[in-house]
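Here is what Swiss-Prot records for this protein:
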type: ACT_SITE; residues: Asp247; note: active site
type: BINDING; residues: His13, His15, Lys98, Asp247; note: Zn(2+) 1 binding site
type: BINDING; residues: His15, Leu16, Arg17, Asn41, His135, Leu218, His251, Ala263; note: substrate binding site
type: MOD_RES; residues: Lys98; note: N6-carboxylysine
Amino acid sequence: MQTLTIIRPDDMHLHLRDGDALKAVAPYTARQMGRAVIMPNLKPPVVSVADALAYKARIMAALPEGSAFEPLMTLYLTDQATPELVREAKAAGIVAFKLYPAGATTNSDSGVTDLFKLIPVLEEMAKQGILFLVHGEVTDPEIDIFDREAAFIGRVMKPVLAQVPNLKVVFEHITTAEAARLVLEAGDNVAATVTPQHLLLNRNDLLVGGVRPHHFCLPVLKRETHRQALVAAVTGEKAHKFFLGTDSAPHAKSAKENACGCAGMFSAMTAIELYAEVFEKAGALDKLEAFASKNGARFYGIPENADTITLVKQSQTVPASVPYGDGELVPMRAGGEIGWTVQY
């Protein structure tokens, strides 16, 4: 039977929620990943060092006994952010600030209204070596939802990189050929995370044969040509600029199967297996370890994990749902097969 042993991966873009939801989902990530970059879009958002440290303590309390998993904490960038906050964050071990354009995604109401007013804050991030994580979509109602990432590149990303050229930027959960091209052409201070859904699915998987609410995420799934461009990027000559970030974003089944359903796909329970499928289909299994376990650590300036995990070429059936607080949670590929299984 085919096996693949790799350095334990890291999830460089993860939503763990809070309270009972946190307790339900944290063990799935802790089982596979050594570390994860934790998104700060709680209600209310994680905007201060005190918020982040308190949230980290709640995450640690939700982990299985004996877990070595390490959450890497971030702050939610707001219009009120200051260079002093950046210095405080650095001193406290916060790894990054996250940009949510106001209204772009779940719990983004506190997001930034004009990033260019925060240039002194971004300059301090560059000085302190704190990363800038970007949800790269414009929220202008005149821009079609399928075009919001591409529009963001010209309107925001390129001008910001020109004004703060040494800022370390992660273009999060990229979904388009345009975003991949920007990262490929930019300096080594610009990288990107890519989700399993944007490597495996296209917008037909959302809309053909009925609306599939469990395939609804933001940024929304794009055309097949964009999916192919992402696969080419993560397996190509400059693959070191791309790394694993699931954007696993749990919502209760009742909130997804809804007249106004929430955006987000829960992939944490089988994340590395789904990525293995992508790389296997692309004939690039030898590049999975760098994507999952090396590139992100290098970009964040942290050592690779010291231990390994082993994947077996053995099919598994994903549960139709798992418990989630008072309700249930539908994972990515629910009820379906994945051709790889982690040996636990």
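Just so you know, the numbers here start at 1 and follow the chain as drawn.
Cβ coordinates are placed from backbone N, Cα and C, and glycine is handled just like the others.
His15 (Zn(2+) 1 binding site) sits 10 Å from His251 (substrate binding site), taking the Cα positions as reference.
In three-state terms derived from DSSP, Leu16 (substrate binding site) belongs to neither a helical nor a strand segment and is classed as coil. Ala263 (substrate binding site) is 11 Å away from the residue listed as 'active site' when you measure Cα to Cα. Comparing Arg17 (substrate binding site) with Lys98 (Zn(2+) 1 binding site), their Cα atoms are 16 Å apart once rounded. Leu16 (substrate binding site) sits 15 Å from Lys98 (Zn(2+) 1 binding site), taking the C-alpha atoms as the reference points.
Across the binding-site residues listed here (Leu16, Leu218), the residue whose Cβ sits among the most other Cβ atoms within 10 Å is Leu16.
Excluding His13, His15, Lys98, Asp247 themselves, the residues of that chain whose CB lies within 8 A of the CB mean position for the Zn(2+) 1 site are, in sequence, Leu14, Val37, Met39, Asn41, Leu133, Glu172, His173, Thr193, Gly245, Ala249.
Within the set of binding-site residues (His13, His15, Arg17, His135), the lowest number of other Cβ atoms found within 10 Å of a Cβ is recorded at Arg17. Here the CA atom of Lys98 (Zn(2+) 1 binding site) lies 8 Å from the CA atom of His135 (substrate binding site). Sequence-distant contacts (6 or more apart, same chain, Cβ under 8 Å) of His251 (substrate binding site) comprise Cys262, Gly264, Phe266, Leu329. Checking the binding-site residues (Asn41, Leu218, Ala263) against Lys98 (Zn(2+) 1 binding site) with a 10 Å Cα-Cα cut-off leaves Asn41. A distance of 12 Å separates the Cα atom of Asn41 (substrate binding site) from that of His13 (Zn(2+) 1 binding site).
The separation of Ala263 (substrate binding site) from His13 (Zn(2+) 1 binding site), Cα to Cα, is 15 Å. Note on Asn41 (substrate binding site): other Cβ atoms within 10 Å of its Cβ, all shown chains, come to 22.
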